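> Shown below is the structure under consideration.
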Amino acid sequence: MDEELPDGVVFKDHSFSSDLLRQLNGLRQSKILTDVSICSGAWEVPCHRSVLASSSPYFKAMFCSHFRESREAKVQMKGISSTTLEQVITYVYTGEVHISAANVLPLMEAAAMLQYPRVFEACSSYLQSQLAPSNCLGLVRLAEILSCDSLKKKAKEVALTYFPEVAASADLKELCAMELRDYLGDDRLCGEEEKVFEALMAWVKHDLQARWRHMQELLQQVRLQYIHPAFFHHFIANDALLQSSPACQAILEMARKQIFSLYGPSAQDCKLLWRMPPRSSYQDFLLLLGGRKDNQQTTRDVLLYSGQTGQWQSLAKLPIRLYKASAVTLHRSVYVLGGMTVSEGKSLISCGVYIFSLKLNQWRVGEPMLAARYSHRSTTHRNFIFSIGGTGEGQELLASMERYDSIRDVWESMAGMPVAVLHPAVAVKDQRLYLFGGEDIMQNPVRLIQVYHISRNTWYKMETRMIKNVCAPAVVLGEQIVIVGGYTRRILAYDPQSNKFVKCADMKDRRMHHGATVMGNKLYVTGGRRLTTDCNIEDSASFDCYDPETDTWTSQGQLPHKLFDHACLTLQCIPHMTSLS
């Protein structure tokens, strides 16, 4: 389009420059007005100095200065093959170059040397499109040699994102200690710490004599406190190579205290290494299991919610229908305990355990509990699951408690609670298990806090007028235990240190049989049943979030369907390494 001026117009012929280049290329091919031959060994191609000098700072310096090449009829280009040089000359005269797996590396090197930045970036873009776990480490090194930041960034991103696959490649074993340390220590690394440890040991053993001295520094990059205790026990704690290093022994001993002690490490032992959070590649997901759906029979549905995308996803269904089972998460797995099995005309109280792996999207059978129970409560502490109270096979109210040791895969009886209650709120804080309220066999609210000292296996109880919750969950939010509703709108935050309650902002409705969990230091409440203003009971699909910073509630929309008596859990995982990918 012409540009209008006060005294006329400026005519712009947008095809003129490309036509001119095409004519110049025709002159080159016909060897008309060419004044220099660019050579690679015996191969040569006639060119125009003016065209080459206009195309790149490299040739401009060569032909417009007092270098001898400015006067020579033939110029040898050392280090560039004839095939690559021909591609460069073709680009100069046409603006086009064919990039393939076979020619991209020599072409990129030539573009860097001869200062053709657009060809260089085109080669970089092509290599980025070809990135895979099998070649990304090699391309990181190539990018460093060629000073190509965009390729290096993308190749390193692939190496970190697909680290387990990268760790299996031969290229990882060829890294120097500093390069490996940078990968293992990177917070963006997507891989379970077990895989990080295995990669480290494979690298050391590849050249044991030369690499043994780097073992301590590299072991410090592994976040041992997040390794599965069974893996630590079987494959790390007594590893002969690690035990041969006193420095590594000290690291393992600190890790052992962190992983296996009921108490956790002392403040003296709890150094910066053990305060590190999980890698940033881990995300929190909200999980809903079972319950009563749309006022129908007990469902086998398992739903997963991503706070990042706001999307719900269906996962593998529970193996059987279970009424009022309990569920917990431990070591990146979900455990569903007990409940009443619901099948054609038959209802049996179960001691069964089902374990779900999000990574595999599969259920498997676990070690059964000692006692069959439903309407019970469960919680976790370190490597243990506690299953508390409930209703037994004879429909009696149970005061018993049992504990599952996930390292030894055994259940064992523990001290029973002082007062048997149904539907209390349960949480663990500072090595104590708290039971708030609940109801007795006559469905009267029990105004008690029952406290279990985990390491001493003893209980005590405290009476309080603040407690009257029934069918309410409790969660640990910061330093407080928050009791969420229970035939009430009330939200109570309990401080175990001061033994005091603080009232938080009320929920919109009087709720019971709902779920609650914590993600990102916020409380999420799901479904349940609500008491209407005219005292009717309605099932709910509400999905709400409480922010303790502002003491406010916000709606997160609706659940996929109405749901109550369900489990509501937080599960941490690396999205692309699971069934979500």
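Heads up, the Cβ atoms here are built off N, Cα and C, so glycines get one too.
Residues annotated as domain 'BTB' in Swiss-Prot: 34-101. The domain 'BACK' feature in Swiss-Prot is assigned to 136-237. The annotation repeat 'Kelch 1' is assigned in Swiss-Prot to 285-332. Residues or ranges marked as repeat 'Kelch 2' by Swiss-Prot: 334-383. Among the features that Swiss-Prot reports, repeat 'Kelch 3' is placed at 384-431. Annotation comment: Swiss-Prot describes 433-479 as repeat 'Kelch 4'. Positions annotated as repeat 'Kelch 5' by Swiss-Prot: 480-521. Annotated repeat 'Kelch 6' per Swiss-Prot: 523-573, in sequence order.
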> Of the listed stretches 285-332, 334-383, 384-431, 433-479, which one has the most C-beta pairs under 8 A with the repeat 'Kelch 6' (523-573)?
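The stretch with the most contacts is 285-332.
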> Hey, which bits of the same chain come close to the repeat 'Kelch 5' (480-521), Cβ under 8 Å, at least six residues off its ends?
284, 286, 288, 291, 307, 423, 425, 427, 429-430, 432, 434, 436-437, 449, 462, 464, 466-474, 527-531, 540, 542, 544, 546, 548, 551-553, 564-570
> For a three-state summary based on DSSP, what are the helix, strand and coil counts in the domain 'BACK' (136-237)?
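Within the domain 'BACK' (136-237) the tally stands at 78 helix, 0 strand, 24 coil.
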> For the repeat 'Kelch 5' (480-521), provide the mean pLDDT of the predicted model.
95
> What is the number of residues in the domain 'BTB' (34-101) that are helix, strand and coil, as DSSP sees it?
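Per DSSP, the residues of the domain 'BTB' (34-101) fall into 30 helix, 13 strand, 25 coil.
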> DSSP on the repeat 'Kelch 3' (384-431): how many residues come out helix, how many strand, how many coil?
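The breakdown for the repeat 'Kelch 3' (384-431) reads 0 helix, 23 strand, 25 coil.
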